[in-house]
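The structure under discussion appears below in the form of structure tokens.
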Amino acid sequence: MNIHEYQGKEILRKYNVPVPRGIPAFSVAEALKAAEELGGPVWVVKAQIHAGGRGKGGGVKVAKSIDDVKTYATNILGMQLVTHQTGPEGKKVNRLLIEEGADIKKELYVSLVVDRVSQKIALMASSEGGMDIEEVAAHTPEKIHTLIIEPSTGLTDADADDIARKIGVPDASVAQARQALQGLYKAFYDTDASLAEINPLILTGEGKVIALDAKFNFDSNALFRHPEIVAYRDLDEEDANEIEASKFDLAYISLDGNIGCLVNGAGLAMATMDTIKLFGGEPANFLDVGGGATTEKVTEAFKLMLKNPNVEAILVNIFGGIMRCDVIAEGVISASKAVNLTVPLVVRMKGTNEDLGKKMLADSGLPIIAADTMEEAAQKVVAAAAGKK
């Protein structure tokens, strides 16, 4: 789950990480009121969407008068903001952050992620803040410093000070940087975040350390114990189909292809998508129905896939372990009839009650294309989708 910058800064503030004074605004009138409350002489008008690159896309403006605030708020609110992370369709801006200006002397970068290799927390920091860390990694990787943190120990004073000095924090500001780094770490750990990023973390002309931006991603599997994080959820920023899928306990992610995929198990779903691509096809979605799929669940899964007008064929790939193949067959038959399926459907089933499931499909009278192996299923669905063009 992602949250907005201003929400991330609320979290940082709770952990004593210095952030600029700022007020969220949902209208031009609220933006003007916020600017007046903050006082001048400089304000920053920032679009709030779940994507990076807002500045380059025209979503961050420095205002030097109240009239500027009004102009920028009017232009940004409601705009379809396109960045390198949104795709060409962009995202509509429904809220702003009006923030006091900052005296930027130096921009730094710091982030925390879960490192799957070490199974610990990795802190990454760089003297090259204010730009995409991917660019730094590609062109000047030596400027990225990584520290693997043992969760039982946490981020020690010595390690925090060492990282601060490595990224160019002067001695007079190291104590402030330590406070910011340890606060970020504590926020990351306490909230079950999967990513916490400050870009940039700035040094001001007076030597102050301030988090000028904040990005958090949270582990959705841990949200049950963080109602305060769930309260930050902005459904306008999420895919409508993914929201609908969550109501039926379906793991669904929209993609750009034309072949719908219905699979049980995330690993098999990924392998299915890879195999489709291997034979020249493009998946239209990731869809894991899990181990407890019912007829209703399968029907809803079909409905979700077919809401995408680009879907020209569907592949159902099921391994019957916990999930019985005859139950899936019943769901596929019922779903095909319920949605009046008109696109080609390829079904591959292996495992528990496989023969019964296959017989049910064969006796259904529906034009279902059977496949025995994953490679055969992928080839058939790619060919079927090509035949629809």
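Heads up, the Cβ atoms here are built off N, Cα and C, so glycines get one too.
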Same-site residue for substrate (record: Swiss-Prot; known: GLY321, ILE322, MET323; options: ASN221, ASN241, ASN258, ASN264): ASN264
Euclidean distance between Cα atoms of ASN199 (Mg(2+) binding site) and GLU107 (ATP binding site), Å: 8
Candidate nearest ALA102 (ATP binding site) in space, where candidates are the binding-site residues ASP213, ILE322, MET323 and distance is Cα-Cα: ASP213
Residue with minimal Cβ packing [other Cβ atoms within 10 Å] among the binding-site residues ALA102, ILE322, MET323: ILE322
Spatial neighbour of GLU99 (ATP binding site) that is closest, considering only the binding-site residues ASN199, ASP213, GLY321, ILE322 and their CA atoms: ASP213
Alpha-carbon distance [LYS46 (ATP binding site); ASN264 (substrate binding site)] in Å: 41
Least surrounded among the binding-site residues, given as GLY53, GLY55, GLY321, when other CB atoms within 10 Å are counted: GLY321
